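First comes the structure, then the notes that go with it.
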Amino acid sequence: MTPPLFLTPDEWSALRLSLLVASVATLASLLPGLGIAYLLARREFRGRAILDGLVHLPLILPPVVTGYLLLLAFGRRGWFGPALAELGIVFSFRWTGAALACAVMGFPLMVRAMRLSFEAVDRKLEQAAGTLGAPPLAVFLIVTLPLALPGILAGAVLAFAKAMGEFGATITFVSNIPGETQTLPAAIYTLTQVPGGEAGALRLTLVSVALSMAALIASEWLARRARGRLEA
Amino acid sequence: MIEVAVRHTRGAFSLDAAFAAEGRVTALFGRSGSGKSTLVDVIAGLVRPDHGRIVVDGVTLLDTEARLRVPVHRRRIGYVFQEARLMPHLTVRQNLLFGRWFSRDRDGGPGLAAVADLLGLAALLERRPAGLSGGERQRVAIGRALLARPRLLLMDEPLSALDEARKAEILPYVARLRDEARVPIVYVSHAVAEVARLADTVVVLDQGRVAACGPAAEVLRRGALFPGRDTAETGALLQMRVAAHDDAFGLTHLDGAPGRLTVPSLPLPAGASVRIRVRARDVLVAREAPRALSARNVLSGTVTAVTPGAGAHARVEIACGEASLVAEVTRLAVHDLALAPGLSVLAIVKSVAFDEETIGVVEI
């Protein structure tokens, strides 16, 4: 019998899987997130409203619908599934699929935070950098990106936290396979469905709360540090 | 040599201005809303005009006819904005060197040490912009533009966001810049004192049109700075040389084309060159030498023109040697003294009429 405060091997595996899935989901969405946030914040182009809507769709759709759409698109017999499988990329019923679902669900939150921080960067500074000879890419890398950093970090932390808690789309898309796709929320849900699972559910709930708090504090700290540099 | 011709319409405002200027400092003068800032933004490439042609030192930067438009970052035009626009996340040193890297394939121009010395920034290099005063920030902005090896420096009212004390702190640096940095400057301002102290050429803008353009002394003497408005700010711009100091009475004697002038003591060595503005409203006109007079400057000359104004005033232009003074007097005085071209008169200026607003800076 395990002491009530220690995690069982299954619970450890759910925690490890959740951290892996959330990390991969966040890192993989970072670059596309930055790109789309910058486009939405700084460029006028045809189809801007459509792109904006598409990015925000997972925020409004029921997670089950998003999960089912992912299944239709990336399932073994889905629209892109077979083609991707030939390239060796398989999402269905794998942890990679859980990461994809978490990334899609966290994407609107990430893009929103990044977009706001890009919009908050004074364009006059970018203009000034241009008159000093900096081409547009350099202006982005040396001026816009560092100044938007607090918001970018906040967006990444937000997406990570969302990924840690994602349930509906993940379970619909890749099911609830212990050790492969059973993330923290799925494990908690499973434990609440079996007799005698309450203690385990409670332990994982505490872990969830602790992780979320840690993420929040970390993002605050990073943002404050980034801001502090501007005021020194 | 700068050639600018721009036609640009945005909403109700239309800019249609063309000028060519040669010289170290060209002042763009006009009240707010006259189109000065839009014009420099067009020169810098920050605003795309409907039609335009801009040539700086023989290099065409914009020619809408030929569909040529050099992008901002390849124009090599330094820009000092009204607000310094320093990068808040970089130190003063990094700000100063910002443009250096992008101009690394070109030689010439002063180095960091020289610019820090010229602008008095050596002690600030490791600080961040947030910790600087307004005047210090503006000096960093000037240095930063200079270090990017520009072919032209645009300064858009660089002093307007500063109080009088800070202005007085920066103006000498701008003058040193003009004399030592050898970069042509386009200086936007609506302050007569700044234009009079700095400019070789003045372009007066009014409602998007060029109202006057020419050598500073001439534009100032003609009273063309304020189109459609009589103003006592007009006057003569004189190039003088420090002749001697009178320490007992705290005075400095200046020699120049109109003769000798006595002004409140200047902290300059004998032989130093100085530019002074004699405001029309500070000049009295007399037909014969007054006796027991407090004013120390009595210059003899000949009336060359009398222009009655709309109201009580009249402008009298007086040639004193090589120089030309302008006096603003009443029309009644013109009548009573029978002032007319060809008449020999005395132009009288109180020494105390010369103050910070009118006495300029050292010239080479």
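Backbone N, Cα and C atoms are what each Cβ position is placed from, and that goes for glycine too.
Per TrEMBL, the feature domain 'ABC transmembrane type-1' maps to A:15-217. Annotation source TrEMBL lists transmembrane segment at A:20-41, A:53-75, A:87-111, A:132-161, A:201-223.
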Look over the recorded stretches A:20-41, A:87-111, A:132-161 and say which has the most C-beta pairs under 8 A to the transmembrane segment (A:201-223). A:132-161
Contact count check, CB pairs under 8 angstroms to the transmembrane segment (A:20-41), set A:53-75, A:87-111, A:132-161; argmax is A:87-111
Intrachain neighbours beyond the transmembrane segment (A:87-111), with Cβ under 8 angstroms and 6 or more residues off its ends: 17, 20-22, 24-26, 28-30, 32-33, 36-37, 40, 55-59, 63, 66-67, 70-71, 74-76, 78, 81, 155-156, 158-160, 162-163, 166, 169-170, 173-175, 177, 180-181, 183
